[in-house]
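K.L.:
Dumping the structure here so I can ask a few things about it.
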(Lines of atoms letter the chains of each structure in order from A and count residues from 1; the text may use other names and numbers.)
(Lines give C-alpha, C1' and ligand atoms only; values in the text may rest on other atoms or scores of the structure.)
Protein backbone atom coordinates (compact mmCIF):
# COMPACT_ATOMS: atom_id res chain seq x y z
CA UNK A 1 0.00 0.00 0.00
CA UNK A 2 1.18 3.55 -0.69
CA UNK A 3 2.30 5.77 2.17
CA UNK A 4 -0.38 5.82 4.86
CA UNK A 5 -1.51 8.52 7.22
CA UNK A 6 0.53 7.76 10.35
CA UNK A 7 -1.63 9.14 13.18
CA UNK A 8 -3.66 12.11 14.34
CA UNK A 9 -1.16 12.74 17.14
CA UNK A 10 1.82 12.88 14.78
CA UNK A 11 -0.01 15.33 12.51
CA UNK A 12 -0.97 17.60 15.41
CA UNK A 13 2.60 17.66 16.67
CA UNK A 14 3.92 18.41 13.19
CA UNK A 15 1.70 21.37 12.36
CA UNK A 16 0.40 22.99 15.58
CA UNK A 17 2.66 25.42 17.50
CA UNK A 18 3.76 24.20 20.91
CA UNK A 19 1.59 26.53 23.02
CA UNK A 20 -1.58 25.74 21.10
CA UNK A 21 -0.63 22.06 20.94
CA UNK A 22 -0.57 21.83 24.72
CA UNK A 23 -4.17 23.05 24.92
CA UNK A 24 -5.31 20.87 22.01
CA UNK A 25 -3.84 17.79 23.70
CA UNK A 26 -5.43 18.74 27.02
CA UNK A 27 -8.86 18.90 25.41
CA UNK A 28 -8.46 15.85 23.16
CA UNK A 29 -6.50 13.53 25.45
CA UNK A 30 -7.19 14.78 28.97
CA UNK A 31 -5.06 15.49 32.01
CA UNK A 32 -3.76 13.08 34.63
CA UNK A 33 -3.46 14.78 38.03
CA UNK A 34 -3.45 18.22 36.42
CA UNK A 35 -0.91 17.64 33.66
CA UNK A 36 -0.41 15.77 30.41
CA UNK A 37 0.24 12.05 30.71
CA UNK A 38 3.92 11.61 31.50
CA UNK A 39 6.26 9.62 29.30
CA UNK A 40 8.08 6.59 30.67
CA UNK A 41 11.76 6.10 29.77
CA UNK A 42 12.40 3.24 27.35
CA UNK A 43 15.42 1.10 28.19
CA UNK A 44 18.18 0.57 25.64
CA UNK A 45 17.55 -3.17 25.35
CA UNK A 46 13.94 -2.57 24.33
CA UNK A 47 14.96 0.16 21.88
CA UNK A 48 17.53 -2.13 20.29
CA UNK A 49 14.96 -4.90 19.89
CA UNK A 50 12.51 -2.46 18.31
CA UNK A 51 15.05 -1.03 15.89
CA UNK A 52 16.39 -4.43 14.87
CA UNK A 53 12.95 -6.00 14.40
CA UNK A 54 11.12 -3.04 12.90
CA UNK A 55 8.48 -2.24 15.50
CA UNK A 56 7.74 0.89 17.49
CA UNK A 57 7.53 1.39 21.26
CA UNK A 58 5.69 4.07 23.17
CA UNK A 59 5.62 4.23 26.95
CA UNK A 60 3.74 6.40 29.43
CA UNK A 61 2.89 6.74 33.10
CA UNK A 62 -0.54 7.33 34.68
CA UNK A 63 -0.44 8.35 38.34
CA UNK A 64 -2.87 8.39 41.25
CA UNK A 65 -2.91 10.79 44.18
CA UNK A 66 -0.85 9.65 47.20
CA UNK A 67 -2.92 8.25 50.06
CA UNK A 68 -2.22 7.94 53.77
CA UNK A 69 -3.31 4.33 54.33
CA UNK A 70 -2.97 2.60 50.97
CA UNK A 71 0.35 2.13 49.26
CA UNK A 72 0.53 2.78 45.50
CA UNK A 73 -0.42 -0.27 43.41
CA UNK A 74 1.95 0.17 40.50
CA UNK A 75 1.49 -2.17 37.54
CA UNK A 76 3.09 -2.01 34.11
CA UNK A 77 0.67 -2.86 31.32
CA UNK A 78 1.57 -3.72 27.75
CA UNK A 79 -0.38 -4.17 24.52
CA UNK A 80 0.94 -5.42 21.18
CA UNK A 81 -0.36 -4.74 17.67
CA UNK A 82 1.05 -6.68 14.74
CA UNK A 83 0.65 -7.40 11.06
CA UNK A 84 0.83 -10.91 9.68
CA UNK A 85 4.27 -12.27 8.85
CA UNK A 86 3.73 -14.29 5.67
CA UNK A 87 1.43 -14.30 2.65
CA UNK A 88 -1.99 -15.84 3.25
CA UNK A 89 -1.18 -18.35 0.50
CA UNK A 90 1.70 -19.81 2.53
CA UNK A 91 1.23 -23.10 4.43
CA UNK A 92 -0.71 -22.63 7.67
CA UNK A 93 2.23 -23.60 9.88
CA UNK A 94 4.54 -21.18 8.07
CA UNK A 95 2.03 -18.37 8.57
CA UNK A 96 1.78 -19.11 12.28
CA UNK A 97 5.54 -19.35 12.82
CA UNK A 98 6.13 -16.06 11.00
CA UNK A 99 3.75 -14.29 13.38
CA UNK A 100 5.17 -16.06 16.43
CA UNK A 101 8.68 -14.89 15.50
CA UNK A 102 7.47 -11.28 15.46
CA UNK A 103 5.58 -11.59 18.72
CA UNK A 104 8.49 -13.21 20.54
CA UNK A 105 10.72 -10.19 19.92
CA UNK A 106 8.02 -7.79 21.07
CA UNK A 107 7.42 -9.82 24.24
CA UNK A 108 11.18 -9.75 24.81
CA UNK A 109 11.00 -5.95 24.65
CA UNK A 110 8.06 -5.95 27.06
CA UNK A 111 10.06 -8.16 29.40
CA UNK A 112 13.04 -5.80 29.20
CA UNK A 113 10.69 -2.97 30.19
CA UNK A 114 9.35 -4.87 33.19
CA UNK A 115 5.80 -5.26 31.87
CA UNK A 116 3.62 -7.18 34.35
CA UNK A 117 0.47 -7.73 32.28
CA UNK A 118 0.49 -8.01 28.49
CA UNK A 119 -2.36 -8.48 26.02
CA UNK A 120 -2.12 -9.40 22.35
CA UNK A 121 -4.60 -8.53 19.59
CA UNK A 122 -7.69 -10.54 18.62
CA UNK A 123 -6.73 -13.94 17.10
CA UNK A 124 -3.13 -12.75 16.99
CA UNK A 125 -1.81 -16.08 15.67
CA UNK A 126 -3.54 -15.92 12.26
CA UNK A 127 -4.85 -13.62 9.53
CA UNK A 128 -8.33 -12.25 10.20
CA UNK A 129 -9.74 -14.52 7.51
CA UNK A 130 -13.37 -14.55 8.64
CA UNK A 131 -14.24 -12.11 5.86
CA UNK A 132 -13.79 -14.88 3.30
CA UNK A 133 -16.58 -17.17 4.60
CA UNK A 134 -14.28 -20.05 3.62
CA UNK A 135 -13.87 -22.73 6.28
CA UNK A 136 -10.63 -24.24 5.00
CA UNK A 137 -7.80 -23.64 5.37
CA UNK A 138 -8.61 -20.98 7.99
CA UNK A 139 -10.21 -23.22 10.64
CA UNK A 140 -6.92 -25.12 10.75
CA UNK A 141 -5.60 -22.22 12.85
CA UNK A 142 -8.08 -23.20 15.60
CA UNK A 143 -6.45 -25.04 18.47
CA UNK A 144 -6.91 -26.17 22.04
CA UNK A 145 -6.94 -23.41 24.64
CA UNK A 146 -4.79 -25.58 26.90
CA UNK A 147 -2.45 -27.54 24.62
CA UNK A 148 -2.30 -25.59 21.34
CA UNK A 149 1.07 -24.44 20.02
CA UNK A 150 0.29 -20.74 20.46
CA UNK A 151 -0.67 -21.31 24.10
CA UNK A 152 2.47 -23.32 24.80
CA UNK A 153 4.50 -20.46 23.32
CA UNK A 154 2.70 -17.90 25.50
CA UNK A 155 3.16 -20.07 28.60
CA UNK A 156 6.89 -20.19 27.92
CA UNK A 157 7.11 -16.41 27.56
CA UNK A 158 4.99 -15.81 30.68
CA UNK A 159 7.33 -17.98 32.75
CA UNK A 160 10.39 -16.32 31.25
CA UNK A 161 9.33 -12.82 32.28
CA UNK A 162 7.09 -13.48 35.33
CA UNK A 163 4.35 -11.87 33.24
CA UNK A 164 0.60 -12.38 32.98
CA UNK A 165 -0.20 -12.66 29.25
CA UNK A 166 -3.63 -12.60 27.63
CA UNK A 167 -3.65 -14.64 24.42
CA UNK A 168 -6.71 -14.01 22.20
CA UNK A 169 -7.05 -16.99 19.88
CA UNK A 170 -9.28 -19.13 17.70
CA UNK A 171 -10.18 -22.00 20.03
CA UNK A 172 -11.12 -25.55 19.10
CA UNK A 173 -13.12 -26.90 22.06
CA UNK A 174 -12.37 -30.62 21.86
CA UNK A 175 -14.50 -31.36 24.92
CA UNK A 176 -17.64 -29.95 23.29
CA UNK A 177 -17.84 -31.49 19.81
CA UNK A 178 -14.78 -29.57 18.55
CA UNK A 179 -16.79 -26.35 18.39
CA UNK A 180 -14.84 -23.21 17.45
CA UNK A 181 -14.84 -20.09 19.65
CA UNK A 182 -13.24 -16.65 19.63
CA UNK A 183 -11.43 -16.91 22.95
CA UNK A 184 -8.94 -15.09 25.15
CA UNK A 185 -6.81 -17.29 27.40
CA UNK A 186 -5.34 -15.75 30.56
CA UNK A 187 -1.91 -17.21 31.27
CA UNK A 188 -0.53 -16.55 34.75
CA UNK A 189 2.95 -15.31 35.57
CA UNK A 190 4.02 -18.88 36.37
CA UNK A 191 2.93 -20.09 32.95
CA UNK A 192 -0.24 -21.58 34.39
CA UNK A 193 -3.61 -21.17 32.67
CA UNK A 194 -5.86 -19.12 34.95
CA UNK A 195 -8.93 -19.31 32.72
CA UNK A 196 -10.52 -18.09 29.53
CA UNK A 197 -13.08 -15.59 28.30
CA UNK A 198 -14.97 -15.62 25.02
CA UNK A 199 -16.42 -13.04 22.66
CA UNK A 200 -19.88 -11.99 23.84
CA UNK A 201 -21.05 -10.05 20.77
CA UNK A 202 -20.48 -11.37 17.24
CA UNK A 203 -20.71 -8.83 14.38
CA UNK A 204 -22.84 -9.34 11.32
CA UNK A 205 -21.91 -6.27 9.33
CA UNK A 206 -19.82 -5.64 6.22
CA UNK A 207 -17.05 -8.20 5.81
CA UNK A 208 -17.28 -9.31 9.45
CA UNK A 209 -18.73 -12.74 8.67
CA UNK A 210 -17.66 -14.23 11.99
CA UNK A 211 -20.89 -16.08 12.77
CA UNK A 212 -19.96 -18.40 9.89
CA UNK A 213 -17.25 -19.72 12.23
CA UNK A 214 -18.30 -19.18 15.86
CA UNK A 215 -21.18 -17.87 17.95
CA UNK A 216 -21.66 -15.83 21.12
CA UNK A 217 -20.01 -16.79 24.41
CA UNK A 218 -21.93 -18.48 27.19
CA UNK A 219 -19.24 -17.73 29.80
CA UNK A 220 -20.64 -14.34 30.82
CA UNK A 221 -18.28 -11.63 32.08
CA UNK A 222 -15.47 -13.34 34.01
CA UNK A 223 -12.86 -11.30 35.87
CA UNK A 224 -9.51 -12.93 36.59
CA UNK A 225 -7.72 -12.13 39.84
CA UNK A 226 -3.96 -12.19 39.29
CA UNK A 227 -1.02 -11.13 41.41
CA UNK A 228 -1.02 -7.84 39.48
CA UNK A 229 -4.72 -6.98 39.65
CA UNK A 230 -8.18 -7.99 38.48
CA UNK A 231 -8.35 -8.37 34.71
CA UNK A 232 -11.14 -8.82 32.16
CA UNK A 233 -11.22 -9.13 28.38
CA UNK A 234 -13.91 -7.45 26.27
CA UNK A 235 -13.20 -8.88 22.83
CA UNK A 236 -13.55 -6.58 19.81
CA UNK A 237 -17.22 -5.95 18.91
CA UNK A 238 -18.16 -6.02 22.60
CA UNK A 239 -16.80 -2.49 22.89
CA UNK A 240 -19.91 -1.22 21.07
CA UNK A 241 -22.16 -2.56 23.85
CA UNK A 242 -22.23 -0.45 27.00
CA UNK A 243 -23.76 -3.15 29.18
CA UNK A 244 -20.87 -5.43 28.27
CA UNK A 245 -18.39 -2.91 29.68
CA UNK A 246 -20.65 -2.38 32.71
CA UNK A 247 -20.78 -6.07 33.61
CA UNK A 248 -16.99 -6.39 33.74
CA UNK A 249 -16.86 -3.37 36.03
CA UNK A 250 -19.57 -4.65 38.36
CA UNK A 251 -17.67 -7.93 38.58
CA UNK A 252 -14.70 -6.00 39.94
CA UNK A 253 -12.36 -5.51 36.98
CA UNK A 254 -9.54 -3.00 37.43
CA UNK A 255 -8.04 -3.53 33.96
CA UNK A 256 -10.09 -4.43 30.87
CA UNK A 257 -8.39 -5.26 27.59
CA UNK A 258 -10.19 -4.85 24.27
CA UNK A 259 -8.30 -6.99 21.72
CA UNK A 260 -9.73 -6.12 18.31
CA UNK A 261 -9.51 -6.39 14.54
CA UNK A 262 -11.22 -3.44 12.91
CA UNK A 263 -10.79 -1.39 9.76
CA UNK A 264 -10.73 2.32 9.05
CA UNK A 265 -13.77 2.80 6.88
CA UNK A 266 -16.01 1.08 9.41
CA UNK A 267 -14.95 2.23 12.85
CA UNK A 268 -11.97 4.56 13.02
CA UNK A 269 -13.88 7.68 14.20
CA UNK A 270 -15.26 5.58 17.07
CA UNK A 271 -11.93 4.07 18.10
CA UNK A 272 -10.64 6.89 20.27
CA UNK A 273 -13.99 7.43 22.00
CA UNK A 274 -15.52 4.13 23.10
CA UNK A 275 -12.77 2.80 25.35
CA UNK A 276 -12.22 6.17 27.03
CA UNK A 277 -15.90 6.43 27.78
CA UNK A 278 -15.90 2.90 29.22
CA UNK A 279 -12.84 3.59 31.38
CA UNK A 280 -14.40 6.74 32.81
CA UNK A 281 -17.93 5.45 33.41
CA UNK A 282 -16.80 2.12 34.86
CA UNK A 283 -13.70 3.39 36.71
CA UNK A 284 -11.09 1.00 35.37
CA UNK A 285 -8.14 1.07 32.97
CA UNK A 286 -8.69 -0.05 29.37
CA UNK A 287 -6.09 -1.31 26.91
CA UNK A 288 -7.39 -1.05 23.34
CA UNK A 289 -5.55 -3.21 20.80
CA UNK A 290 -6.12 -3.29 17.05
CA UNK A 291 -4.17 -5.28 14.50
CA UNK A 292 -2.34 -3.38 11.78
CA UNK A 293 -1.80 -3.73 8.04
CA UNK A 294 -3.80 -4.94 5.04
CA UNK A 295 -4.31 -8.68 4.59
CA UNK A 296 -4.89 -10.03 1.07
CA UNK A 297 -6.59 -13.38 0.52
CA UNK A 298 -6.38 -15.79 -2.43
CA UNK A 299 -10.05 -15.66 -3.45
CA UNK A 300 -12.41 -12.75 -3.94
CA UNK A 301 -15.35 -12.20 -1.60
CA UNK A 302 -18.23 -9.74 -1.46
CA UNK A 303 -19.56 -7.50 1.31
CA UNK A 304 -23.28 -7.74 0.60
CA UNK A 305 -23.43 -4.07 -0.39
CA UNK A 306 -23.58 -4.32 -4.19
CA UNK A 307 -19.96 -3.27 -4.63
CA UNK A 308 -17.41 -5.34 -6.58
CA UNK A 309 -15.81 -8.41 -5.05
CA UNK A 310 -12.38 -7.88 -3.50
CA UNK A 311 -9.55 -9.79 -1.84
CA UNK A 312 -8.81 -7.68 1.22
CA UNK A 313 -10.73 -6.58 4.31
CA UNK A 314 -9.38 -3.05 4.20
CA UNK A 315 -6.67 -1.46 6.33
CA UNK A 316 -6.43 -2.49 9.98
CA UNK A 317 -5.44 0.84 11.48
CA UNK A 318 -3.61 -0.18 14.66
CA UNK A 319 -3.63 2.91 16.92
CA UNK A 320 -3.52 0.85 20.12
CA UNK A 321 -3.67 2.91 23.32
CA UNK A 322 -4.64 2.98 27.00
CA UNK A 323 -7.50 4.82 28.68
CA UNK A 324 -7.60 5.77 32.35
CA UNK A 325 -10.45 6.00 34.89
CA UNK A 326 -9.85 9.77 35.07
CA UNK A 327 -10.59 9.99 31.30
CA UNK A 328 -7.08 10.72 30.10
CA UNK A 329 -5.58 8.54 27.41
CA UNK A 330 -2.02 7.69 26.52
CA UNK A 331 -0.27 8.26 23.20
CA UNK A 332 -1.23 5.55 20.74
CA UNK A 333 0.81 3.43 18.43
CA UNK A 334 0.69 4.43 14.77
CA UNK A 335 -1.80 3.33 12.12
CA UNK A 336 0.85 1.61 10.03
CA UNK A 337 3.46 -0.21 12.13
CA UNK A 338 3.82 -3.17 14.43
CA UNK A 339 4.28 -1.94 17.96
CA UNK A 340 4.36 -2.28 21.73
CA UNK A 341 2.54 0.25 23.91
CA UNK A 342 3.41 0.30 27.62
CA UNK A 343 1.75 2.20 30.43
CA UNK A 344 2.77 2.19 34.07
CA UNK A 345 -0.41 2.76 36.10
CA UNK A 346 -1.44 3.07 39.74
CA UNK A 347 -4.54 0.95 40.30
CA UNK A 348 -5.47 3.12 43.29
CA UNK A 349 -6.80 5.56 40.70
CA UNK A 350 -9.80 3.27 40.11
CA UNK A 351 -11.12 3.79 43.64
CA UNK A 352 -10.18 7.45 43.70
CA UNK A 353 -12.30 8.15 40.62
CA UNK A 354 -15.19 6.10 42.05
CA UNK A 355 -15.08 8.26 45.17
CA UNK A 356 -15.01 11.45 43.11
CA UNK A 357 -17.84 10.76 40.66
CA UNK A 358 -20.06 8.30 42.59
CA UNK A 359 -21.28 6.64 39.40
CA UNK A 360 -21.97 3.34 41.16
CA UNK A 361 -23.82 5.03 44.01
CA UNK A 362 -26.05 7.00 41.63
CA UNK A 363 -26.50 4.26 39.02
CA UNK A 364 -30.11 3.23 39.78
CA UNK A 365 -29.51 -0.41 38.82
CA UNK A 366 -32.94 -1.44 40.07
CA UNK A 367 -34.60 1.01 37.68
CA UNK A 368 -32.83 -0.40 34.63
CA UNK A 369 -33.14 -4.01 35.81
CA UNK A 370 -36.91 -3.58 35.84
CA UNK A 371 -36.88 -1.87 32.45
CA UNK A 372 -34.81 -4.61 30.82
CA UNK A 373 -36.94 -7.32 32.41
CA UNK A 374 -40.01 -5.67 30.94
CA UNK A 375 -38.33 -5.08 27.58
CA UNK A 376 -37.45 -8.72 26.89
CA UNK A 377 -41.08 -9.72 27.38
CA UNK A 378 -42.62 -10.47 23.94
CA UNK A 379 -45.65 -8.37 24.92
CA UNK A 380 -43.62 -5.30 25.86
CA UNK A 381 -45.08 -1.93 24.89
CA UNK A 382 -42.75 1.12 24.65
CA UNK A 383 -43.57 3.94 27.06
CA UNK A 384 -44.26 6.65 24.47
CA UNK A 385 -46.42 9.61 25.41
CA UNK A 386 -47.90 11.14 22.30
CA UNK A 387 -48.60 14.85 21.96
CA UNK A 388 -52.43 14.98 22.03
CA UNK A 389 -52.39 17.84 19.52
CA UNK A 390 -50.84 15.61 16.86
CA UNK A 391 -53.28 14.31 14.29
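From the backbone N, Cα and C atoms, a Cβ is placed for every residue, glycine too.
Annotations for this protein, taken from Swiss-Prot, read as follows:
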ACT_SITE  122  active site, proton acceptor
ACT_SITE  199  active site, proton donor
ACT_SITE  236  active site, nucleophile
DOMAIN    75-347  domain 'CN hydrolase'
MOD_RES   2  N-acetylserine
K.L.:
Between the Cα atoms of residue 122 (active site, proton acceptor) and the residue listed as 'active site, nucleophile', what distance do you get, rounded to the nearest Å?
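P.N.:
Rounded to the nearest whole number, the Cα-Cα distance is 7 Å.
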K.L.:
If I take every residue in the domain 'CN hydrolase' (75-347) and average their pLDDT values, what number comes out?
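P.N.:
So the average pLDDT across the domain 'CN hydrolase' (75-347) works out to 97.
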K.L.:
State the Cα to Cα distance, in Å, between residue 236 (active site, nucleophile) and the residue listed as 'active site, proton donor', rounded to an integer.
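P.N.:
That comes out at 8 Å between the alpha carbons.
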K.L.:
Which of the three DSSP states, helix, strand or coil, fits residue 236 (active site, nucleophile)?
P.N.:
helix
K.L.:
If you run the three-state DSSP split on residue 199 (active site, proton donor), which class comes out?
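P.N.:
Assignment for residue 199 (active site, proton donor) reads coil.
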K.L.:
Count the Cβ atoms, other than its own, that fall within 10 Å of the Cβ of the residue listed as 'active site, nucleophile', considering every protein chain shown.
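P.N.:
Taking every protein chain into account, the count is 26.
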K.L.:
Residue 199 (active site, proton donor) has how many other Cβ neighbours within 10 Å of its own Cβ?
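P.N.:
There are 26 of them.
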